[in-house]
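A short write-up of the structure that comes next.
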Amino acid sequence: MADNYRLVLLRHGESAWNAKNLFTGWVDVDLTAQGEEEAIRGGRLLRDRGLLPDVLHTSVLRRAIRTSQLALNEIDRHWIPTSRTWRLNERHYGALQGKDKAQTLAEFGEEQFMLWRRSYDVPPPLLAEDDEYSQYHDPRYAALPIELRPRTECLADVVDRMLPYWYDALVPDLLAHRTVLVAAHGNSLRALVKHLDGVSDADIAALNIPTGIPLYYELDADLRPVTPGGEYLDPAAAAEAIEAVKNQGKK
Ligand SMILES: O=C(O)[C@H](O)COP(=O)(O)O
């Protein structure tokens, strides 16, 4: 309907550590060549569906930033207004950052692995401030008060730090009837989907988001999804990729 709102969620294309099956979190890895191709294809899917973004919101991590640049450049929307925020960053994976998912599963067992990876309120162990994979002293977070700078996060923590941005930045753009593109990460988008669809703390554990395939939400006058769960612009590819994300660690 003409007066509904258009929101597109796009998880970054395959990253170098996705390909190596490593927990990534806030570590600022780049895309693989496949991830770059996924991003370009994501742009084409948007164009073919008639969803030309008017405004872009990204995390401050290069895999999301570059995914949005490749996708938008492909459809001549590279010029649209852009905001970047740590609030859309991937979940901070704490001491698991840099760890192999299969080794973590083997070392700690399925129950602990799934608690750390997909529970709502159990964070991984804290990452030391001086760890090689810590961002505690990264200049891009210098303005972040110490008490807000994470050393690990559970999904509930991500919901808490993402929602202020939803209400203060994303909702105003939607209400202005701009087509909003959010280029972010598996868990920051799981947090947003949880809010949009009202997914329970228990049920969110089963939700996985594939790389590089746009997820379109038409939102009604109350900013509720017209189609629960939204619509992947390539449903078949999404179904296959979701299964692969779910089974990471079991390689
Ligand atoms: O941060 C990471 O490791 C991934 O981007 C997300 O990993 P997950 O799907 O294992 O949460």
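Counting starts with 1 at the first residue shown.
Glycine is no exception: its Cβ is also placed from the backbone N, Cα and C atoms.
TrEMBL: automatically predicted annotations, no manual curation.
What TrEMBL says about this protein:
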type: BINDING; residues: 11-18, 24-25, R63, 90-93, K101, 117-118, 186-187; note: substrate binding site
type: ACT_SITE; residues: H12; note: active site, tele-phosphohistidine intermediate
type: ACT_SITE; residues: E90; note: active site, proton donor/acceptor
type: SITE; residues: H185; note: site 'Transition state stabilizer'
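Projection of TrEMBL feature records onto the structure.
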residue	record	Cβ contacts under 8 Å, 6 or more apart
R11	substrate binding site	A184, H185, G186, L189, I209, P210, T211, G212, I213
H12	active site, tele-phosphohistidine intermediate	L31, G35, A39, L61, R63, A64, R66, T67, A183, A184, H185, T211, G212
E14	substrate binding site	L31, T32, Q34, G35, E38, T211, G212
W17	substrate binding site	F23, T24, V27, V29
G25	substrate binding site	E90, R91, H92, Y93, G94, L96, Q97, Y133, E153
Residues among the recorded positions R11, H12, E14, G25 that border ligand 1 - Cβ under 6 angstroms, in sequence order: G25
G25 (substrate binding site): secondary structure state under DSSP, collapsed to three categories: coil
R91 (substrate binding site): tally of other CB atoms within 10 A of its CB: 27
For R11 (substrate binding site), the three-state class that DSSP assigns: strand
Largest tally of Cβ atoms lying within 10 Å of a Cβ, found at which of the recorded positions K101, H185: H185
G186 (substrate binding site) CB neighbourhood, other CB atoms within 10 A: 20
